[in-house]
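The feature active site, proton donor is assigned by TrEMBL to 95. Positions annotated as active site, proton acceptor by TrEMBL: 166. Taken from TrEMBL, the feature (S)-malate binding site covers 148. Under the heading divalent metal cation binding site, TrEMBL lists 237, 238, 261. Residues annotated as compositional bias 'Basic and acidic residues' in TrEMBL: 307-318. If you look up TrEMBL, you'll see 72-252 marked as domain 'Malic enzyme N-terminal'. The region 'Disordered' feature in TrEMBL is assigned to 307-349.
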């Protein structure tokens with residue numbers, strides 16, 4: 001790990017430290033940048049003006065996404081200045097919905113690696129690979145297998161754009177320093193045969209492991225992450241629904257972790273309901289909610305709504321009640337997963 005500030009071309013190639021034409025004359029002399037930059041010294045606002053002109057010249061949001069990720073690879077300070085200058089405009093470009101298209105075309109638009117990629121057949125080397133990361137004070141890891149990307153299904157390694165984008169939102173929305181954030185992709189293979197046949201696909205061309213094998217791989221990752229970055233908070237993102245619920249239950253009492261699809265979504269849903277009921281001057285205990293679907297997000301919504309309803313009603317009385325994917329609740333046409341069976345058992349009479 002570097003212990004001193006790079007100088008010269010190495011400094012200009014460091015996206016964390018590079019400020020480009022915003023380096024002062026004194027800084028250019030001190031860090032060996034004389035002659036390596038145009039003579040004008042610009043403010044970050046003037047640099048932003050140039051970036052916005054470039055973005056305005058692009059014809060699609062995917063082109064703007066590619067440009068912005070390239071900017072992040074060169075100058076993170078200017079990248080976040082751009083995002084925070086107009087969040088309403090740029091959030092949908094660096095994350096949903098544009099990031100979905102970026103995932104689908106990840107192999108085609110790939111320019112430069114970001115984050116850490118951990119292959120399933122090298123679990124004994126996970127700690128060594130994590131130590132290769134540029135920072136040693138990582139506080140949050142966002143990790144995905146790409147098993148359920150937005151509404152697009154299993155995109156395997158192409159899903160790495162999701163942890164990258166989600167952690168960029170940590171910084172842009174919550175001012176979390178980017179140097180304490182690490183995106184990780186567990187490359188466990190993919191069920192997507194089209195991707196496995198794509199010559200530009202960058203991941204393992206195998207099918208995903210069994211649940212037991214995945215548990216072993218994830219155990220190795222969780223142990224390695226806490227060995228290299230003690231006390232790190234692990235953010236599970238866009239895992240296949242069955243894996244997401246099982247693994248959250250497996251680790252939630254053992255390490256600092258959460259699943260955004262289950263817990264983050266439900267926290268926002270319950271916060272919205274709480275605010276709405278405050279406006280209406282009504283109580284949670286007087287409501288009955290119907291959740292359309294009993295997937296991981298729906299189960300999380302139900303669980304946190306139950307925590308919010310603190311007026312002593314039984315689960316059967318309180319709900320919320322889930323309407324499953326295969327029609328009206330009743331005798332299922334497919335065998336539901338365990339959390340779905342719990343929701344089905346609590347349907348209203």
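Every residue gets a Cβ built from N, Cα and C, even glycine.
Small disclaimer: the values here were computed from a predicted structure and weren't measured.
Everything TrEMBL records as a feature, shown here on the structure.
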{"residue": "95", "record": "active site, proton donor", "Cβ contacts under 8 Å, 6 or more apart": "165, 166, 168, 169"}
{"residue": "148", "record": "(S)-malate binding site", "Cβ contacts under 8 Å, 6 or more apart": "154, 238, 239, 240, 241, 244, 261"}
{"residue": "237", "record": "divalent metal cation binding site", "Cβ contacts under 8 Å, 6 or more apart": "142, 143, 144, 162, 163, 166, 259, 260, 261"}
Item to complete: May I ask you to report the DSSP-based helix, strand or coil state of residue 261 (divalent metal cation binding site)?
Response: helix
Practice prompt. Starting from the Cβ centroid of 237, 238, 261, the recorded divalent metal cation site, name every other residue in that chain with its Cβ within 8 Å, sequence order please.
Written response: 144, 148, 162, 166, 236, 239, 244, 259, 260
Practice prompt. Report, as a single number, how many Cβ atoms besides its own are within 10 Å of the Cβ of residue 238 (divalent metal cation binding site).
Written response: 24
Worksheet, complete the sentence: Mean pLDDT across the domain 'Malic enzyme N-terminal' (72-252) comes out at 95
Fill in: Neighbouring C-beta atoms (10 Å sphere around the C-beta of residue 166 (active site, proton acceptor))
23
Discussion item. Counting across all protein chains present, how many other Cβ atoms fall within 10 Å of the Cβ of residue 261 (divalent metal cation binding site)?
Written reply: 21
